[in-house]
Amino acid sequence: MLSRNRTFTPPPNVTIVWGNVCVLPFALLYILTIEHNTTSGLILPSDLYCFCSKVDHDEVNALAQLMTWKTAVADIPYGGAKGGIGCTPRDLSKSELERLTRVFTQKIHDLIGIHTDVPAPDMGTNAQTMAWMLDEYSKFHGHSPAVVTGKPIDLGGSLGREAATGRGVVFATEALLAEHGKSIKDLKFVIQGFGNVGSWAAKLIHEKGGKIVAVSDITGAIKNSNGIDIPSLLTHKEETGTLKSFGGGDVMDPEELLVYDCDVLIPCALGGVLNKDNAAEVKAKFIIEAANHPTDPEADEILSKKGVVILPDIYANAGGVTVSYFEWVQNIQGFMWDEEKVNMELQKYMTRAFGNIKSMCQTHNCNLRMGAFTLGVNRVARATLLRGWEA
């Protein structure tokens with residue numbers, strides 16, 4: 001096991017955090033933040049967790065652990081890691097973001113690699129961020145498209161990657177609803193967060209006949225009990241950068257959105273938005289955790305007692321890392337898939353994972369969250385024993 005620290009002095013008001021938990025195939029290795037460890041032969045996906053104002057060691061460490069269980073639940077040969085740069089991207093110029101990304105990559109280039117640690121985008125980062133990382137890494141190690149995922153298509157990115165997390169959320173929602181004899185068509189949805197994940201989920205749900213009655217993002221929230229015209233809203237958001245002035249809905253208090261009347265609530269933004277203060281007021285019958293840990297433990301208990309069915313984040317938002325795996329496979333093979341194949345394989349993985357979670361729930365008479373964690377932890381533990389790593 002190799003343990004190394006990487007630090008550098010960032011620009012003012014910028015904090016760097018890098019931490020991970022990893023497994024290949026599902027062999028557990030626990031890492032504290034900042035400290036990056038690898039074991040020979042390990043393939044470790046590391047989301048460049050975020051360019052956002054709130055990044056701290058405990059949060060990144062927790063997210064690294066969640067990624068370990070997420071990849072185990074999805075049954076892909078990856079582990080889990082998270083890294084983050086604390087800043088406010090909208091306050092930085094494109095040039096500043098590029099310099100920040102490149103310096104960060106310079107300090108970790110010998111810790112990442114196509115068979116060791118493969119960064120992928122998350123909050124506040126995008127295909128351009130990953131392009132800068134790829135280019136900077138290539139200065140040291142030669143052109144290596146497989147070293148990062150979520151890249152632009154022109155640089156070896158996968159078709160379908162941009163929509164992958166949102167599309168995976170929809171596949172997961174369909175699997176859950178089918179279990180309860182329902183479908184997306186004609187159900188009422190509320191989506192909190194209208195970034196990449198939320199907007200793609202909204203678009204696909206709208207196309208499948210679902211009625212989206214409220215959405216929100218950092219700029220505000222809108223509602224329309226008759227259903228929001230999502231294509232028009234997407235156009236408006238692209239042109240104006242805000243939801244507030246959209247004419248197809250009424251402005252609402254973002255705090256009220258989580259308790260707005262609907263069948264399915266999909267939190268797609270930050271963690272901890274469902275808590276003991278608002279859980280009792282939630283009217284949704286189903287909650288799809290498209291964000292990472294949006295439901296705190298107190299809220300989880302309250303909602304469970306109310307009979308609300310919660311689809312946990314380690315399954316519901318696994319579409320992104322699954323298609324990152326597909327992108328990595330394509331880069332290694334040097335053979336790119338068409339978008340239909342990407343989407344078909346994603347649906348297969350999400351549907352199979354739901355079936356495995358349900359089997360675990362039936363075996364242990366537990367809810368979906370416990371079933372998902374039991375599935376993931378059991379896979380890690382079993383592989384750990386097989387590799388001879390038992391205590």
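Glycine too: its Cβ is placed from the backbone N, Cα and C atoms.
What TrEMBL annotates here:
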ACT_SITE  K82  active site, proton donor
BINDING   K70, T165, S324  substrate binding site
BINDING   N196  NAD(+) binding site
SITE      D122  site 'Important for catalysis'
TRANSMEM  12-32  transmembrane segment
*Distant-in-sequence Cβ neighbours of N196 (NAD(+) binding site), under 8 Å, six or more positions away*: N126, E162, T165, G166
*Please work out the number of neighbouring Cβ atoms within 10 Å of the Cβ of K70 (substrate binding site), leaving out its own Cβ.*
28
*When the number of other CB atoms within 10 A of each residue's CB is tallied over all shown chains, which of the recorded positions K82, D122 has the maximum?*
K82
*What is the nearest of the recorded positions K70, D122, S324 to the residue listed as 'active site, proton donor', using the Cα of each?*
D122
*Specify the count of other C-beta atoms within 10 Å of the C-beta of T165 (substrate binding site).*
25
_Assuming the binding residues for substrate are exactly those in the record, K70, T165, S324, what is the maximum CA-CA distance in angstrom, rounded?_
13
_Distance from K70 (substrate binding site) back to D122 (site 'Important for catalysis'), taken between C-alpha atoms, in Å_ = 15
*asked:* Around the C-beta of S324 (substrate binding site), how many further C-beta atoms are within 10 angstroms, looking at every protein chain?
replied: 26
